[in-house]
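Read through the structure below, which is laid out as structure tokens, and then see the notes.
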Amino acid sequence: MALNLRKNHQILKIINDALIDLPAPSNISTWWNFGSLLGICLITQIVTGLLLAMHYTADTNLAFSSVAHMCRDVQFGWLIRNLHANGASFFFICIYLHIGRGLYYGSYLNKETWNVGVILLLTLMATAFVGYVLPWGQMSFWGATVITNLFSAIPYIGQTLVEWAWGGFSVDNPTLTRFFALHFLLPFVIVGLTLVHLTFLHETGSNNPLGIPSDCDKIPFHPYYTIKDILGFALMLSLLVSLALFAPNLLGDPENFTPANPLVTPPHIKPEWYFLFAYAILRSIPNKLGGVLALAASILVLFLTPLLHTSKLRSMTFRPLSQILFWTLVANVLILTWVGSQPVEHPFIIIGQLASLTYFTIILILFPLAAALENKLLKL
């Protein structure tokens, strides 16, 4: 019998078991495509980021000019930069949809996979934040100043911690240098965590839209889901390229076309769109430490979802009350995103506070209550 290299070679065997002969549920929908799309986003970001890093200079006097030089003088530098900047937006679109899928279908009951996923989200947010500082425009500088300053709310050690992170008494050259180092390093940490995430996932196998065990009805990953993933790649990459070519600055802030100036504060300091929901929660509490705790809680609350699952059914497919709550939560996050982009004025303050309260109420109180009620109604 001829030796099958794919199944016997030490390294190829790992790839084979993860991408070719992997038993997958026969009924997973397009919502299960976002994991592989996140993988493509990560590869795209690392490749474009590496090419950008070859031309970038991490110095306060040269950073802004080096980015301008890239866009003007480097072959296709403008395209590489636009793909990288907008690739970050697609990364977050995919991860938010991926998390939404996990919440809806009860995928969080694979606890290890879910917890590693939340750590991945936090790492991605850190990577995007330090990356946004690198072009050294006005919003880069002031965003870095405002967000790093939040750590000063930590009692007793806060101020020391902030000055240690800054490498001085304000955001300056040492800050930019270390942020570049971190922005280069963290994507590789994300790659490592992704492998851990996949390892845990392949221990249990994928969940499916019905939320029931699918061991009795599995199909090989290749060719069925490889072709399905390739369709997803084609759709997402065509959208990314369209955005990068037709409207590259649509999601950016015009303030970042002005070089960083510590003496001039922009009228509205706000992060990129993908952080606005958390920023709105931060702003809705009129106390620095309280705001920081709420900001942290807005993401860390995801760690609690497996513990708050009271339903006898895994998925929300057959749970209409939970479905209504879920879509209310989605609408609520969109409202928070919109409020975060608005100035701190009368209607927006109260809307932000109500939306922040609703966000935590739905996740921590209403989801478990609705699930318990549904158990009763369905006589489970």
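Numbers run from 1 along the shown chain.
Cβ atoms here come from the backbone N, Cα and C positions, even for glycine.
What Swiss-Prot records for 34-54, 78-99, 114-134, 179-199, 227-247, 289-309, 321-341, 348-368 is transmembrane segment. According to Swiss-Prot, the feature heme b b562 binding site maps to HIS84, HIS183. What Swiss-Prot records for HIS98, HIS197 is heme b b566 binding site, and it gives similarity to another entry as the kind of evidence. The ubiquinone binding site annotation in Swiss-Prot covers HIS202.
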Inset, instruction - Measure from the Cα of HIS202 (ubiquinone binding site) to the Cα of every one of the binding-site residues HIS84, HIS98, HIS183, then give the nearest. - result: HIS98
Legend entry - Cβ neighbour count within 10 Å of HIS197 (heme b b566 binding site): 21
Inset, instruction - Please compare the binding-site residues HIS84, HIS98, HIS183, HIS202 by how many other CB atoms fall within 10 Å of each one's CB, and tell me which has the fewest. - result: HIS202
Inset, instruction - Verify whether three or more Cβ pairs under 8 angstroms connect the transmembrane segment (227-247) with the transmembrane segment (34-54), leaving out any pair fewer than 6 apart in sequence. - result: yes
Legend entry - Beyond the flanks of the transmembrane segment (227-247) by 6 or more, those residues with Cβ under 8 Å of it: 30, 33, 36-37, 40-41, 44, 79, 82-83, 86-87, 89-90, 94
Inset, instruction - Sorry to bug you, but what's the C-alpha spacing from HIS84 (heme b b562 binding site) to HIS98 (heme b b566 binding site), rounded to the closest Å? - result: 21
Inset, instruction - Considering only the recorded stretches 114-134, 179-199, 289-309, 348-368, state which has the highest number of Cβ pairs under 8 Å to the transmembrane segment (78-99). - result: 114-134
Legend entry - Distant-in-sequence neighbours of the transmembrane segment (289-309), which means Cβ under 8 A and at least six residues beyond its ends: 99, 103, 106, 108-109, 111, 114-115, 118, 121-122, 125, 150-151, 153-155, 277-279, 281-283, 356, 359-360, 363-364, 367-368, 371
Legend entry - Nearest-integer angstrom distance between the alpha carbons (Cα) of HIS84 (heme b b562 binding site) and HIS197 (heme b b566 binding site): 24
Inset, instruction - Write down the Cα-Cα distance for HIS183 (heme b b562 binding site) and HIS197 (heme b b566 binding site), rounded and given in Å. - result: 21
